[in-house]
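Swiss-Prot lists 4 with the feature S-palmitoyl cysteine. Annotation source Swiss-Prot lists phosphotyrosine at 156 (among others), citing similarity to another entry. If you look up Swiss-Prot, you'll see 210, 240, 321, 384 (among others) marked as phosphoserine. Taken from Swiss-Prot, the feature phosphothreonine applies to 246, 398, 406, 413, 428, 443, 456 (among others). Sequence annotations record features per position, and here Swiss-Prot assigns region 'Disordered' to 434-471. According to Swiss-Prot, the compositional bias 'Polar residues' annotation covers 443-458. Sequence annotations record features per position, and here Swiss-Prot assigns compositional bias 'Basic residues' to 462-471.
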């Protein structure tokens, strides 16, 4: 998604010229493609088609009519809908070899300008002029366009694999192998190098994963040049323009100042390279705040070989060159430096990626495989939940039935055993109590009767008081008997 971060007046101020008659002031600034912004900004200009024909003289672009494009896309059928970007909806079509002489039969992608979208007539013209004159294996091929009344359409070669974004982040897609990822990074850098080193350098300004398209062989090609700008000319170090781009990819100095340079594209390339390494989006609001922005989360670990494994895409399943991964991480770190002057230029990036791509010595031996469900994830999830819930309900009912049955059986058995035991205990207790009662009664009667046979004298002797003992002692002394007390004193009486 393209976002306009800011639009300060002091950043974008085209030259103003007055007409001789002083009737009105018009803004006029030469574009990198030869047409004036006055012409580009006026979609109802009657000379627009003529201007395009003159500017694109010698190019092989075809000018289609609205009727022809309806035939190609089957009236823009919903079954041919491919997606939608900042420019507008994109439909798949097929050009028959009978449609026009010299135009071979081929599948195409038709992009329709949404007049209420984020991009408009200016971006349409920039796209046509740029891709109409620039040809490179790593730039998507523009076959033709339609500029009829208010209709603005672009016809491209069809890219069967879609965008890098869909290949990396779509849930049902197969993971890209390590070598394929390096090739994509290398080819995308080659396309960017072609723009930066052109006779009139061009700054891409919107380098991101969704703008890198892949053909059937996974060859990477840059697309969507609507935001492209002329590079600085002469002694100029940058281009001042309103800030437009995609959140998570735009260079920090460009966001803050509106100063655009080729190093701004290098920063954006570093973000895409980081996405290839980690398998994560540049901005993912589903993650925690610390991990939401990819650059802020991963940059501290790019220069640490011990921590590099933490950020590598787990879907690679360790099927990658550790040496190559370290070099690629170092390159991404250099591209993401805060100061533009310290970032490498794109030619250096291409050279480093060439070396990394050719280095395959320590890639683990084996075929890269990744098992995915045959059904779409949503269907698999729903089926799994249904299957999971069905046994769960059956198990629950069966368990309740078995539990209730067992509970009744246990309850009946327990009551029977309890009642039986209770009766046995009661009978045994009564028998033991009666037996013990009789024994206690008999023993008590015997013991009660026995002490009554003891003599009274013995009892008196056994249980006499001190006064009684002293009286008996006096009687004994008087009668002349030896006294125990006297004996204790050591004497006898004769």
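Easy rule for this one: first residue shown is 1, then count along the chain.
Every residue gets a Cβ built from N, Cα and C, even glycine.
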Between residue 240 (phosphoserine) and residue 246 (phosphothreonine), how far is it from one CA atom to the other, in Å? 18
For residue 321 (phosphoserine), which of the modified residues 156, 210, 246 has the nearest Cα in space? 210
Rounded Cα distance, in Å, between residue 156 (phosphotyrosine) and residue 246 (phosphothreonine) is 23
Measuring Cα to Cα, how far is residue 246 (phosphothreonine) from residue 210 (phosphoserine) in Å? 10
Nonlocal residues around residue 210 (phosphoserine), in sequence order (Cβ under 8 Å, 6 or more apart): 85, 163, 164, 165, 166
I'd like the number of other C-beta atoms within 10 A of the C-beta of residue 240 (phosphoserine), please. 15
Assigned element (helix, strand, coil) containing residue 210 (phosphoserine), judged by DSSP: helix
